[in-house]
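Chemist: Below you'll find the structure I mean.
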Amino acid sequence: MSSKEGSGGFRKRKHDNFPHNQRREGKDVNSSSPVMLAFKSFQQELDARHDKYERLVKLSRDITVESKRTIFLLHRITSAPDMEEILTESEVKLDGVRQKILQVAQELSVEDMHQFHRAITTGLQEYVEAVSFQHFIKTRSLISMDEINKQLIFSTEDNGKENKTPSSDAQDKQCGTWRLKITPVDYLLGVADLTGELMRMCINSVGNGDIDTPFEVSQFLRQVYDGFSFIGNTGPYEVSKKLYTLKQSLAKVENACYALKVRGSEIPKHMLADVFSVKTEMIDQEEGIS
């Protein structure tokens, strides 16, 4: 069945009549031509950038894991007899996390951080969450972004042999200082995640008979929620997405404070945790229905 031109059939191209091995007869491509040399340099640059991106993803994963371990450690404060011992241990763990961040800073010392931001944003958010959680336990206040960034300025004395990277030697010769700045979005997302940890600390504190912490956490979360409400939908999409979770955490803490204020004298301390867990489940079910 023959197909006419323009009837939707396939047209044979002229070179299809020639055998495959005879189509490209001619001189071999000159590997030393300017075009080939340019594309080889493009290939090397893209490979190096891809390898750097993969290294940053691995470092971000390590930062996330160690930061989570620090948060789990800090949650033991509600039941531990010695708070200072846990705070000291958490500081040691955060120092280890900063050593990982130092490696990130060395990788990005001659790069535009925003080109690789997607590779490290998860780890930085988790680090902000861990640092702000520790700071709240110590001072009952929110750590500022400037304070976090001041902790991420490293000198050559902070750089151990195990943290050397290929770009660190050149950087040492230039200035001997590395720094990594937390972006405002990473800071906001880390603080939003902090509210969930504070909600858990509040419920755990009540279960251990501590009736002061829930009211302190509740007041703090209201201030954070007010701040996020000012941003609203005008901020980045990820920030507005976290606002709903923040509202849930605030509702659970306020519910615990309400039960303490109204029924605190009626419920034995060892039963407070059970009462709050039941109320929390009821809130979750109501939110799921709505």
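Backbone N, Cα and C atoms are what each Cβ position is placed from, and that goes for glycine too.
A quick note: this is a predicted structure, and the numbers were derived from the prediction, not measured.
Not my notes, these are from TrEMBL:
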type     : residues       : note
BINDING  : Glu129, Glu197 : Mg(2+) binding site
COMPBIAS : 16-28          : compositional bias 'Basic and acidic residues'
CROSSLNK : Lys279         : SUMO2 cross-link
REGION   : 1-32           : region 'Disordered'
Chemist: Only counting partners 6 or more residues apart, tell me which same-chain residues put their Cβ under 8 Å from the Cβ of Glu129 (Mg(2+) binding site).
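Modeler: Those within reach of Glu129 (Mg(2+) binding site), by Cβ under 8 Å and sequence separation of 6 or more, are Ser67, Ile71, Gly190, Val191, Asp193, Leu194, Glu197.
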Chemist: What's the number of neighbouring CB atoms sitting within 10 A of the CB on Glu197 (Mg(2+) binding site)?
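Modeler: By my count, 19.
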